[in-house]
């Protein structure tokens, strides 16, 4: 039954994904192919450069441009660009994958999907290098050439020889294709950063074009250098294999072998290979840039569908369903934009249903925003729990964060003073927040995100407590003083050592048994092995966790939380004058409670020893690294959202029922002391 229900959901997800992104994908591919003739023309002109005869140089270049063989290779290059664009579509991600250790980075690179990506790009790079070598003409055009020397008996040689220059071109293209794929995942180039300021697509492309060409020229130079070093040591292997397989001779009388220093110092060869690399990287980066521009363009989701058939694409339905992650991001981006710039659409959010008079639109939108923000609070609490226990969270038992209550119990109920959760969470983790379920194999994800299981598989390694924050347990660490927080493993061991009627009696009425001698012996041996391995430098080099990567992983999906903050706060501020039915007033206490609790969790996070308080300076580069500073943008957006509400409502917020801690914190915002 579950499978039958999930199939229609998957079908609806594919339908909405195609309706929203289908034309964008097609348009980006078409423009990538249309940009190819410009790149090909520039490549032909620079490959035949002759500064002493400029008129002859330009006339020959344009005459070759219209020749039949160039048109054929142009069609072949178009197929390559389409394949590269398809891989851009298949491997994109709205949440960057951040490995927390060098071993995790290696595992990310050798993943089967990544290996397939690298193999295809190496093959496409070889095809593009072959086309570039043939278009260049001259001594680089053919792999097999007639030998010019004589045989050992003194008669003219009739054999065919291997053209090592052409082989060098092909191998360089394969190397550049593989390097592009490797850097594609190492630098998170599949990550789609959404622009902060909405601009026209042409302006975004024009702004990136000069940086793209500069990046391609520099990267091609470094890749040619790396390949020359590699070919110097290992170039004889492919040369000997191809000459043996094709029964070709190697003519060393005309051209020096390229696996020597003198052979590699051929400036003409290096120039044409570098130019081929620039051509390859530029065309691939253009398709990549165009897909990013089209995929991250704002999309308008109707708040109220004009027809019943279009209800699946309305904003409240998309936010509360389980759409593909990019659709979720586009919906939250649209919520942020409508809350600021569209009074008519805000009225649709505040409207009541007919008949019935229920604020379904506001209820659905605010519920999802509060769930996202509560999920971020839970994630920060989990991270602080791991940091407080020196990165040690028990792997014997799954740790499950407290599930968010239903909206009827939390988000849409005016909190009583006796029922308000304490905003200051020292101890930041309460015993009811994490529960050890020994018989449940599944662990509830701490993300609190609306993404499906397939997306979570793609996000594997982004936030894994045992992966990112684990550290070898040593007796010195275990014997440290009293800790600020309580982990599930400590609670479990306390229950073993100090049994009480509430903990020693199971649900079936049976007494829990003490740990056996075998179990204690296994645990002791495991600790000894960990201590032994932690003293080995090479092992710790691969297994040690990078604190900055762990911090970035916590806020890797913070962009949608930023949009939820901005959208919710702008709607609440606008409701002061635009909400005719008072639908926002019923949820205002819950919204303030969520924001203030999250604010306290963020403040406690930034007070951790390894959490930097200032964003690093990011230089302008083609590869986007804005995800590294999302935590600072999230902190600023959260504080701005609270100030936006307090400055709008002013002293009216004193009538909102809240706990004493929240009232004190709210007063600081009202007095601009926060």
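Here the Cβ of each residue, glycine as well, is placed from N, Cα and C on the backbone.
According to Swiss-Prot, the feature compositional bias 'Polar residues' maps to 407-421.
Sequence annotations record features per position, and here Swiss-Prot assigns phosphoserine to 406 (among others).
For 414 (among others), the entry in Swiss-Prot reads phosphothreonine.
Under the heading phosphoserine, Swiss-Prot lists 439 (among others).
Residues annotated as phosphothreonine in Swiss-Prot: 440 (among others).
Look at Swiss-Prot and you will find 445 (among others) tagged as phosphoserine.
As annotated by Swiss-Prot, phosphothreonine applies to 449 (among others), with the evidence given as a large-scale study or a structure entry.
Among the features that Swiss-Prot reports, phosphoserine is placed at 471 (among others).
According to Swiss-Prot, the feature phosphoserine maps to 474 (among others), an assignment based on a large-scale study or a structure entry.
What Swiss-Prot lists as region 'Disordered' is 394-425.
Sequence annotations record features per position, and here Swiss-Prot assigns topological domain 'Cytoplasmic' to 1-24 (among others).
Swiss-Prot lists 46-68 (among others) with the feature topological domain 'Perinuclear space', giving sequence analysis as the kind of evidence. Outside the topological domain 'Perinuclear space' (46-68), and at least 6 residues removed from its termini, the chain residues within Cβ reach (under 8 Å) are 40, 132, 135-137, 272, 275.
Mean per-residue pLDDT, taken over the topological domain 'Cytoplasmic' (90-114), amounts to 92. As annotated by Swiss-Prot, topological domain 'Cytoplasmic' applies to 90-114 (among others).
According to Swiss-Prot, the topological domain 'Perinuclear space' annotation covers 136-165 (among others).
If you look up Swiss-Prot, you'll see 187-225 (among others) marked as topological domain 'Cytoplasmic'. Away from its own ends, the topological domain 'Cytoplasmic' (187-225) comes close to residues 88, 91-98, 172, 175-176, 179, 270, 273-274, 277-278, 280-282, 285-286, 288-290, 292-298, 326, 329, 333, 337, 559, 620-624, 626-627 of its chain (Cβ-Cβ under 8 Å, at least six residues beyond either end).
The topological domain 'Perinuclear space' feature in Swiss-Prot is assigned to 247-272 (among others).
The DSSP breakdown of the topological domain 'Cytoplasmic' (90-114), given as helix, strand and coil counts, is 12 helix, 2 strand, 11 coil. Remark: the transmembrane segment (69-89) makes no contact with the transmembrane segment (166-186), by the rule of 3 or more CB pairs under 8 A. Note on the topological domain 'Cytoplasmic' (187-225): DSSP counts are 25 helix, 1 strand, 13 coil. Residues of the same chain lying 6 or more positions beyond the ends of the topological domain 'Perinuclear space' (247-272) and with a Cβ under 8 Å from any Cβ of it are 47, 136, 140, 144-145, 147-149, 157, 159-162, 164-165, 168-169, 224, 228, 231-233, 235-236, 239.
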